[in-house]
Amino acid sequence: MQVEDVGADPVDGRGWAVGFTLAGVGVFGVLAVLTVPDPALDGSLSRDALLTLVVFGAAIIGWTRSRTDDTFVALLAAAVLAVLGVLESERLFAALGEDQVWLLVAAFMLAAGVNRTGLPARMALALAGRARTPRSLCHLLTLGLVGTALLIPSTSGRAAMALPLHRALASALPDRLVRTVGLLVPVVVLLSAIATLTGAGAHLITSQVLAATTGEGISFGWWLVWGLPFALVSSHLAAELVLWTGGADRRAPLRVDVAALRARLDVPERLRPAEVRAGALLAVVVLLWSTEPWHGLPPALVALGAALLVTSPRFGTVPMKAAVGEIPWSLLLFMAATGALGTALTDSGAARWIAEHALIGEGLVPLLIAVVVLSTALHLLVTSRSARSAVLIPLLVPAALAVGANPVAVAFASTAAAGFCHTLPSSAKPLAMFAEHCAPRELRRLALVLGPVTAGLVVLFALLIWPLLSLSL
């Protein structure tokens, strides 16, 4: 009988003790707040705010535990706040019916239909066939991976889509270049997610919290205008860094056997009718999402209509049951629960109190730098990208308002910086999926350079580029 060695976790075998300890701290914390006399409370902090802070702090501790399911922690925290009366139960249940949740449901169904046609593999083959050097191959693949942010609303889904292509390329490339491409794919997938609103669940959480606190979120069109340039620049910079750290000969002659790759990936030379239909439908959806102010159709309704078309009997490319099976219901529950937590933080005054006592700097630039550094480094504690947004965005909005900054700009900068989570294989699912090509030593060496570069690029865009695109700090 084979026994796995899991001794790397310092609390292995004592998980029950840690759980009871955290539960005890939480219970005593709540009881302390409930029993403290009113005169003892700071006038700026209500009892509801204190309860929210205790529960929210316990949730953050839970999210830092890699063996604790993030969705379970979020749902438990939201349920506790509802039981304590801080959060209305109607608000908790209504969170699952938000437009952002329906947008993600329909987007995953649409992505299932597009992937079933083989269109993403055809696009990748077209790009790889144009490569003449390792450098051009990496940059062409980077361009294609950025484009997949429009196709698939999940970083892990995009990484899974790229796995067959990487396996096929492995038979046609030198070993060193295979490892370089294996490192490049998850790195670019994570950085390029910022290109679109549906690129990651964290983006929808950011927009959801902004809508709840300021009355207006970020539309798909504006997110594309601000996110796509940053995604392109940061991804191609990362490609250069991967080439540099990977040690591949960047200028050596290279020719990819497209015919062999096409056979391995089962992609015919001519476009299939299903590919044409899926590509046309996707183009119409992106166009309607980007022009929402002109026609007034909500993005969720557009996505739902496209999802129905792609699963329809004649026009569709995937059965309804298979498309529904691609929906990550755990992520949707997490989004609903964290949205409710964000509402509790804002409505109770807890978020404003934290902002006033811990996050406010002396000006716009110091606040921006602090936000970017914190957002970049937080992945070392909270591995879930969505959880990081759930922790930071409700706190950053009042902090931005307190110093006269644009909360949308601050929240967007934080979300862009949080895209860096490349230090460890466990920092993100795409890195874990390509773990055989991403040695921890190589990741750390890359992260030491890529982390500061990403943070500096976010500050540069926030101060110089995004203001030109109507996103002033």
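All residue numbers here begin at 1 and follow the chain in the order shown.
Cβ atoms are placed via backbone N, Cα and C, with glycine included.
The feature transmembrane segment is assigned by TrEMBL to 16-37, 49-66, 72-89, 101-119, 139-165, 177-200, 220-245, 297-315, 327-346, 358-382, 446-469.
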Checklist line | Interface check, the transmembrane segment (101-119) with the transmembrane segment (297-315), three or more C-beta pairs under 8 A | finding: yes
Next item on the list: Considering only the recorded stretches 49-66, 177-200, 220-245, 327-346, state which has the highest number of Cβ pairs under 8 Å to the transmembrane segment (72-89).
Entry: 327-346
Next item on the list: Determine which recorded stretch among 139-165, 297-315, 327-346, 446-469 has the most C-beta pairs below 8 angstroms with the transmembrane segment (49-66).
Entry: 327-346
Check: So which of 139-165, 220-245, 327-346, 358-382 has the most C-beta pairs under 8 Å when paired with the transmembrane segment (446-469)?
Finding: 220-245
